[in-house]
């Protein structure tokens, strides 16, 4: 140690035997112990009691003495005191540094879903000026919007299968990158119909693998008693994305043209992909002890491990899936719910613009109300479902209650909106907003059932039901435009088919749905 001071042999000093940094009034200070230490001219001798040694052993870190002296060379450091020696490494930066890894992944997955629906609804706003510029009829506009769902339907099963093999985290990040690049490509190919359709198919493929990837993440990371909240938080990002997309699109279009929406929203997804790499780097720090007992290891599999399991993963018990009444109930319920959701998502801005004679910005603001209200309903519904399960109510009963609310509420509100009761336009908006918001109860109903009955095959089951659920996006959205050209009636083209599927879906769900865990392997 460098000699900075000279001591007389008979000099007795009191020094610090151990130190801790403590926080008081948002300040840090040293609190020394009262142990005496004796310094002489030849050597530095420290006398500590046995009790003090035990205290030292219990401390995870002991900061070095900070008295203006240089740090001893035995510490292997250069002269001077680093931040880590002062204990400042305990400061959390970034703020989410000490957040459990499963919550980081769930949070970033929800953010991906926000961007997902921003890229989904942007066309429902941009289609209005695009139709005027390119001279599209309602049928052509419906064809353009429905092309997204072609890719969305085709990617469901591959997405679920890949999520099971490689993990939802890996599949999700490449899905986001795919749909973001394809979104930014739309203005380049907009004047060439095959190119435009192909770009929207790519957007659908990228977004199509995301639900299965998210379901895989939740099944791996979240215990049953937290599952409704996790599912609602992740898939609730879709409603937030709809709100943000509908709010941001009109001013961007009016200020910079409709092309700006696709460039800007595509950039958001690319930025998410780059930022997600930092979350992925923290993956090994997951504390498996904090996860539920039934969870598999959430760490991503290496390429070698994944390929070793590749052959076994091909043996999916498809026959067992389709022998289950509960699976068929999920399939039909998903189809019915998607018909109302996708048709309204695609056509409500046009409905509000033409039926209520609102301009682009006003129509978009009104279209924001249903997804905005859904955010509120989602948080309530998830707490409602998890509390019932925690209090001992059968999981199947809880899922049936939530899904019934999700179906009957929008059906009743659409009936009121489609019947000519002489209601003013803003009352119709309020009724539709309430009905579509309550349909968010499905996140605590149908969307939790995949994990309930089989955490192992949850991503594949969602791939199956979401494949069928994407059909209304292909058929329903295009059919709505065709019926609108034929009947010129919004009630017949938009509301009547949705009402039919909501009612029949309720009957099938109550009769056959179940959340009882099933071992599909044993059935085969």
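Easy rule for this one: first residue shown is 1, then count along the chain.
Backbone N, Cα and C define each Cβ position, glycine as well.
Values in this document were obtained by computation on a predicted structure and should not be read as measured data.
As annotated in TrEMBL, transmembrane segment covers the listed stretch 490-512 rather than the other ranges in 283-305, 490-512. For the domain 'Major facilitator superfamily (MFS) profile' (105-516), the mean pLDDT of the prediction comes to 84. With a threshold of 8 Å between CB atoms, the same-chain residues lying at least 6 positions outside the transmembrane segment (261-280) that come near it are 104-105, 108, 111-112, 115, 118-119, 122, 125-126, 169, 173, 176-177, 179-187, 245, 248-249, 252-253, 300.
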